[in-house]
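Written out below as structure tokens is the structure these notes cover.
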There are 2 protein chains.
Amino acid sequence: MNRINKVVLVGGTHGNEFTGAYLIKKFEQYPHLIQRDSFETLTFFGNPKAFEVARRYIDKDLNRCFKIQDLENPTLSTYEEIRAKDINEMLGGKGKSPVDIILDLHSTTSNMGLSILLDNFLHPFNLQLAAHLSLTHPEVKVCWAPLIESRCLQSISEFGFAIEVGAVAQAVLNAELFQKTEKLVETILDYLEAYNQGSISQTNSTLTLYEYVKDIDYPRNDLGEIQAMIHPQLQFRDYEPLNPGDPMFLTFDGKEIVYEGESTVYPIFINEAAYYEKGIAMGLTEKRHVTV
Amino acid sequence: MNRINKVVLVGGTHGNEFTGAYLIKKFEQYPHLIQRDSFETLTFFGNPKAFEVARRYIDKDLNRCFKIQDLENPTLSTYEEIRAKDINEMLGGKGKSPVDIILDLHSTTSNMGLSILLDNFLHPFNLQLAAHLSLTHPEVKVCWAPLIESRCLQSISEFGFAIEVGAVAQAVLNAELFQKTEKLVETILDYLEAYNQGSISQTNSTLTLYEYVKDIDYPRNDLGEIQAMIHPQLQFRDYEPLNPGDPMFLTFDGKEIVYEGESTVYPIFINEAAYYEKGIAMGLTEKRHVTV
């Protein structure tokens, strides 16, 4: 990428993730906060209908609707499937959008702190930005899900990524996380401005990357009903090492279920409310150190 | 009351409050846990349709549908209004139910710890039970909302009350809170058993009661949109003193809004997710010491 011309900040892709939704409202009220000299910054509200009723979605998770084959499938016609097609058109079309970076602001009931979520191809530009954010905001963690094709909104743009902040309950504003997220967005915009001005020094630095390996579901019975909870020793311990033999779940009658993998992993999205229905109790990652 | 004959434990009155919902499922699987010799304990799932979709309610908050005039109003016909009438009939009818105590298990995104919520008339029996729980579970706080008539499910029975546990996100199981709530329910049932056996010693003890005074809404604009968040210094500080001049809200552009009352109050239900739509940022209580 030679130069960034257009950035779109998105919130409310999930209607009950208030941090991003209200940040977008704030940026719309005070546009000077996100304006920079060398590129255009626009805001966009992902799922206003779901936000009105403080739910993640109306019919279907909007942030799983952005695969090209789905965007091109005329038979998909739920509210979110149509909304995804509309968004894709408004933003210029996946793979050919004039938007360089879509930054989608999410929140989670997991203790993810301030997380950068990269999917798809790991472009050096994103890695350098992530390394910069890790340095300037030591709280920031960087995750990478090496997918064949992202289903997420930010994948409309080539360098799009998501921010996940937590732990915060659904449909709740947490002032501290709101302010931290706002500062992180400011830092990102400042970085992009410096990038355009050629004032980013290309120093080799090491970035810690949490690479997604697989999901773990809750133990369930034949009817699909959950039979155990996240173990108290694992609750809120996102990004901390989970070793073979460490407690993972606690059944309702008090039995411990341990992690039976062969090596240490680093769970993320532990006990995310929206993932119960997706069959995900947590995602396991491996920790990598990459030089960027 | 001479003797307790029938107790009903309820969970899932709000479909996204998983602590109570899954506790009821557990008690249904292991009924011996709630059986006592001298009275009958039944379980009841409040809003299974809302639980299926992990939402508080389908059409209307079920736990606001139990005023006698509403139960008797044939024109009220949303899912929850009909469900309330059905529940009322199943449990024998408000004011004449053979159920002595309905114990309704709720959870909240507010940091309410383990709370006992009493509404309506303060019967000495409830006060003595609450005092016992405060002694045996020092974490327990007791709130009283002196209403003319309760709209809540537990008001079908004369001595019904609710338990609120938190902080926990909606649609999430927190193992630690699950276990604490289960222990509290056990203690309550053991107390009722001892009461029936005449082995409760009537010692005068002092009970701290948080008496509900009024609700405070979020600052809003003319369109009803929220303009401020709970101040970080107040977040998760349920039951702690809020003095005149203490910060209460933080606007999106960073201005503090302070508490302008004339005396110290004790906020509860601070930042409860389900209360945004009800226009409640917190409830203010006054602290009383009563001898029971």
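Any Cβ shown, glycine's included, is placed from N, Cα and C.
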Given that TrEMBL lists B:H14, B:E17 as binding Zn(2+), which residue among B:H106, B:H123 does it place in the same site?
B:H106
With B:N63, B:R64, B:E164, B:Y275 listed by TrEMBL as binding substrate, identify the candidate in B:R55, B:R56 belonging to that site.
B:R56
Using DSSP, what's the helix, strand and coil tally for the domain 'AstE/AspA barrel-sandwich hybrid' (B:206-287)?
3 helix, 35 strand, 44 coil
Whose Cβ lies within 8 Å of the mean position of the Cβ atoms of B:H14, B:E17, B:H106, the Zn(2+) site, other than those residues?
B:G12, B:T13, B:N16, B:T19, B:G20, B:A21, B:R56, B:N63, B:L105, B:S107, B:T108
For B:E17 (Zn(2+) binding site), what is the tally of other C-beta atoms lying within 10 angstroms of its C-beta?
30
Return only the integer: C-alpha distance in Å from B:H14 (Zn(2+) binding site) to B:R56 (substrate binding site).
4
Between B:Y275 (substrate binding site) and B:E17 (Zn(2+) binding site), the C-alpha gap once rounded to whole angstrom:
14
Inside 10 Å of the Cβ of B:R56 (substrate binding site), count up the other Cβ atoms and send me the figure.
23
